[in-house]
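These notes are about the structure you will find just below.
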């Protein structure tokens, strides 16, 4: 598992380079992250678009299939919300509340209205609360505001798991929750994460969300008590979802950091060659990257970095 400390150290390096760049389309790293996040987030829900198809629909702005409509709605919503998160980051403020959550759900193409009564989650081992939806969501908002001031990656994972356990809307809960997760990250100066949607990674994601089940099962049986629930959320430790978030953060932070270096005229070189200069064997490349010890990007099945930065975390 990647150590959260190594992610925070990457953030320090990024801040030294001027901080998270603005989420604009002309920034190729942001564009890649936003497009890939869109494709993967809708894929988790069973909608598929290739890279080429997504680029085409973003250009024409004229969806002709359900998959294209879902992709376009997600991309536009995420792009706007992350822009808002970026303004939070620059102003050191945090705009967050139930109206924003409802609006995200609406922009995704749903009603933005809270569900009334029971809902079943496919594959889940328990059912979300049937009553007090707005009260549960109000506690979620308070916990996220606490998290913003006392940020840590486990708490971020807990907040996402809690939202998905509440499942406040009739539809679009997964996509709404993933955009909120990334909104929090961008507001703190981190890039969005991409939770991969292929069959194997989707199973990992759902399995990770299940970690919250045992914690919330009994709490949801009674009327929400804000202080009790928030204390419970502070105490929860969930490793699987935290690990998925950290892995994606490593990848996207490295992409942005090295993108800044490239734009400043620095040359990408194979990591295996760079490691040789420190006495490491080429076979150690993959393991060091997996542990988050090397700042690197993958291009055509090969890892690259720049000489000036690759070993900063070794």
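Just so you know, glycine gets a Cβ as well, placed from its N, Cα and C.
In the three-state DSSP reading, residue 167 (active site) counts as coil. The active site annotation in TrEMBL covers 167.
According to TrEMBL, the feature ATP binding site maps to 171, 172, 173, 174, 175, 176, 177, 178, 205, 206. Proximity of residue 171 (ATP binding site) to non-local residues of its own chain (separation of 6 or more, Cβ distance below 8 Å) is seen for 110, given in sequence order.
If you look up TrEMBL, you'll see 96-235 marked as domain 'Fido'.
In sequence order, 41, 42, 45, 74, 108 are the residues near residue 175 (ATP binding site), counting only same-chain partners six or more apart with C-beta under 8 A. Taking the Cβ of residue 177 (ATP binding site) as centre and 10 Å as the limit, one finds 27 other Cβ atoms among all the protein chains shown. Here the Cα atom of residue 177 (ATP binding site) is found 9 Å from that of residue 167 (active site). Reduced to three states, the DSSP call for residue 205 (ATP binding site) is helix. Restricting the average to the domain 'Fido' (96-235) gives a pLDDT of 94. Comparing residue 205 (ATP binding site) with residue 167 (active site), their Cα atoms are 16 Å apart once rounded. Counting every protein chain shown, the number of other Cβ atoms lying within 10 Å of the Cβ of residue 205 (ATP binding site) is 20.
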